[in-house]
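Notes follow the structure.
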Amino acid sequence: MATTAPTPSRAAALDDDRPKMSHRQVLEALSGLLLGMFVSMLASTVVSTSLPVIIHDLNGTQTSYTWVVTATLLTTAISTPIWGKLADLTNRKVLFQLAIVIFVLATAAAGFSQNPETLIAFRAVQGLGAGGLAALSQVLMADIISPRERGRYMGLFGAVMAVATVGGPLLGGVITDAWGWRWNFYVALPFAIAALLIVQRTLHILPRARRKVSIDYLGIVLLSAAVSLLLIWVTLAGDSFEWWSLSTALMVGGALLAAVLFIMNELRAPEPLVPLSLFRNRTFTLAVVASIATGIAMFGASVFLSQYMQLARGATPTEAGLMTIPMIAGLLLSSVGVGALITRYGQWKPYLITGAVLLTAGAFLLSTIHYDTNFALVSVYMFLLGAGVGMTMQNLVLVVQNTSSPSEIGVASSGVTFFRSLGGTIGVSVMGAALATSVTTQLGDRRDELQTALMSLGAQAQEWAAQLQSGTLPQVRDMPAALQVIFEDVYATGISHSFLIAVPFAVVSLIAVLFLPNKPLTTMTTSERLQAAEADVATVSVPEAMGTLTATGTVRTVAADDAAAETAQPATRTDGSLRADKRLRADSPVRADGPLRTRRGNPVRTPSETRLSRR
């Protein structure tokens, strides 16, 4: 067997003995990533409390409300694996900066929307940038921090998310009440400019070997078609057409056909959008299942709790932001605290199990709330849900990165994020459809009660009757008391039923977490793991190294003679030269009438840059 010599650039990378980054250097490198994440979270959460007002002003319906959120989640989910694939093929830093630019420009454009359709379109473009920020921040973190040390810094990401999630609704409520909802879309611009400058100045990663970029365009189209058809069906069924109808058959059948074609395409594509080989990894498969449930709980809570506060409890946008603080407090404390504990003790599974239990409990308890439920109890329920999300969301990515091949860190990380976003997309659509159906059904059942309430309004009866018949999302707090109590009851019941949908998914998440392999966290960064793998293959014995001096650039492996192999000293190829080590490493490649194996008997994994052939 023979091995071609590595290129000078590759050899230089193998011999890179730079010291590990200090805590200060890591914080400097992460500052731009954290600010970029803050921008994406702020631009998303700042409109959460004002969204009922926005949809009302744009004459939108409950379906419009759901699609404003769903459009962003859908494009985020679709684009996440694309960004992850590009991260494995090209410059990750430039990609991160590009994602910031796309996100912010789309967010600013959304502020000029004059109708729900335009707003939905710009929010869809916004999701393209959000997918890049979500996927690339995790990948770039893996480049500079080992999984064992990553726990403490994952806490920082959780803290930034918590601050943006707390500050966003509060800021959005204040801006909406003071200047109008359009200014919510412009507040992220200065932060985005600062993020671009800081990333350019502080984030320095090792250069990667250039590869030919091959994007799975057919996979993108098929996946988009499958998910979009499914979401459109969930949104329109029961309203525009019956659940059991020809339209349902066409949409569901089309979604299934697109999904089957997508799987077939992924099996044949040279650079698949979602490498199905990843599902051979038990950890990845179980983490995906758990991430779907986490996405449903996280996105569902952020969307429908705001509606609950404003439509079922009559809160203003500012008050609604304040009322969701317990959930964010749970997310903040659990994310930061658990991250520090994982780094200190190296144990992650107990915290993931605890988080899944809290997630299930929080979702179930929120399904019991009513418009007059004691707010102290609602706060406890929100805290439990937030703590569950904080313990599971980032740590599922950490576990996958710890077990994935270094060359697949990008696509594996984005895969988990993709399925979390996909779960959130489908979850929000299903929960929104359930809410709309529940509200319509309840209002129909209480038609006589509504007529009585309208008749009690006197001269205002005709005006309010016309507004209710328009289907526009109502401003409950502005209603007369006779109507307000009915609509608060209706929306509270509908939202509680929506949360009940998340409970079985949370149970599935708990089961998946229980079966995750409890593999210890490595202390090597992704870059170090890549270099170690390549250096392992480049190790040869001294006698054979001497024989290559007269050869034509190839290196034979260690001979099959065990005695000779035991006394042989390995030499490591660096910068085109060979140097002898003092002793044979346990993982030095040897061959005895078979494939190349290490001294421990494990097969050597050959990187694409190294060509092995039999002599």
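Yeah, the Cβs are placed from backbone N, Cα and C, and that goes for glycine too.
Summarising the annotation, TrEMBL assigns transmembrane segment to 26-44 (among others).
The domain 'Major facilitator superfamily (MFS) profile' annotation in TrEMBL covers 29-521.
The transmembrane segment annotation in TrEMBL covers 64-83 (among others). Below 8 angstroms of C-beta separation, residues 44, 51-52, 54-55, 58, 95, 99, 116, 119-121, 123-128, 130-132, 134-136, 215, 220, 223-224, 227-228, 231, 235, 273-274, 299, 303, 307, 411, 414-415, 417-419, 421-422, 424-425, 428-429, 432-433, 435-436, 473 of the same chain, each at least six residues beyond the ends of the transmembrane segment (64-83), sit close to that stretch.
Residues or ranges marked as transmembrane segment in TrEMBL: 95-114 (among others).
Listed as Cβ neighbours of the transmembrane segment (120-141) (distance under 8 Å, sequence separation of 6 or more from its ends, same chain) are residues 30, 33, 36-37, 39-40, 43-44, 64, 67-69, 71-84, 87, 92-93, 95-96, 98-104, 106-107, 109-110, 113, 150, 153-154, 157, 203, 205, 397, 401, 409-410, 413-414, 417-418, 421. Positions annotated as transmembrane segment by TrEMBL: 120-141 (among others).
Proximity of distant same-chain residues to the transmembrane segment (183-203), defined by a Cβ-Cβ separation under 8 Å and at least 6 residues beyond the stretch ends, is recorded for 28-29, 31-33, 35-36, 38-39, 42-43, 46-47, 50, 93, 96-97, 100-101, 103-104, 107-108, 110-111, 140, 171-172, 175-176. Annotated transmembrane segment per TrEMBL: 183-203 (among others), in sequence order.
Look at TrEMBL and you will find 243-263 (among others) tagged as transmembrane segment.
Outside the transmembrane segment (284-305), and at least 6 residues removed from its termini, the chain residues within Cβ reach (under 8 Å) are 45, 48, 69, 73, 165, 278, 324, 327, 352, 356, 359, 362-363, 366, 382, 385-386, 388-389, 392-393, 396-397, 399-400, 403-404, 412, 415-417, 419-428, 431-432, 435, 495, 498-499, 501-502, 505-506, 508-509, 512-513, 515-516. The transmembrane segment feature in TrEMBL is assigned to 284-305 (among others).
The transmembrane segment annotation in TrEMBL covers 325-343 (among others).
Per TrEMBL, transmembrane segment is recorded for 350-369 (among others). Cβ atoms under 8 Å from those of the transmembrane segment (350-369) belong to residues 290, 293-294, 297, 301, 305, 308, 334, 338, 341-342, 377-378, 380-392, 395-396, 399, 492, 495-497, 499-500, 502-503, 506-507, 509-510, 513-514, 516 of the same chain, restricted to positions at least 6 beyond its ends.
Tertiary proximity for the transmembrane segment (375-400) is limited to same-chain residues at least six positions away from its ends with a CB under 8 Å from its CB atoms, namely 138, 147, 150-151, 154, 157-158, 162, 283-284, 287, 290-291, 294, 297-298, 301, 305, 313, 323-324, 326-335, 338-339, 342, 348, 351-352, 354-363, 365-366, 369, 412-413, 415-417, 420, 506, 509, 513, 516, 519, 521. The transmembrane segment annotation in TrEMBL covers 375-400 (among others).
Look at TrEMBL and you will find 421-440 (among others) tagged as transmembrane segment.
According to TrEMBL, the feature transmembrane segment maps to 495-516 (among others).
Summarising the annotation, TrEMBL assigns compositional bias 'Low complexity' to 562-574.
What TrEMBL lists as region 'Disordered' is 562-615.
Taken from TrEMBL, the feature compositional bias 'Basic and acidic residues' applies to 576-596.
Away from its own ends, the transmembrane segment (26-44) comes close to residues 72, 96, 99-100, 103-104, 107, 126, 129-130, 133-134, 137, 140-141, 144-145, 153, 156-157, 160-161, 163-165, 167-168, 171, 185, 187-188, 191-192, 194-195, 198-204 of its chain (Cβ-Cβ under 8 Å, at least six residues beyond either end). Taking Cβ pairs closer than 8 Å, the transmembrane segment (243-263) reaches residues 219, 222-223, 225-227, 229-230, 232-233, 236-237, 276 in its own chain, all 6 or more past its ends. Summarised as a single figure, the pLDDT of the domain 'Major facilitator superfamily (MFS) profile' (29-521) averages 82.
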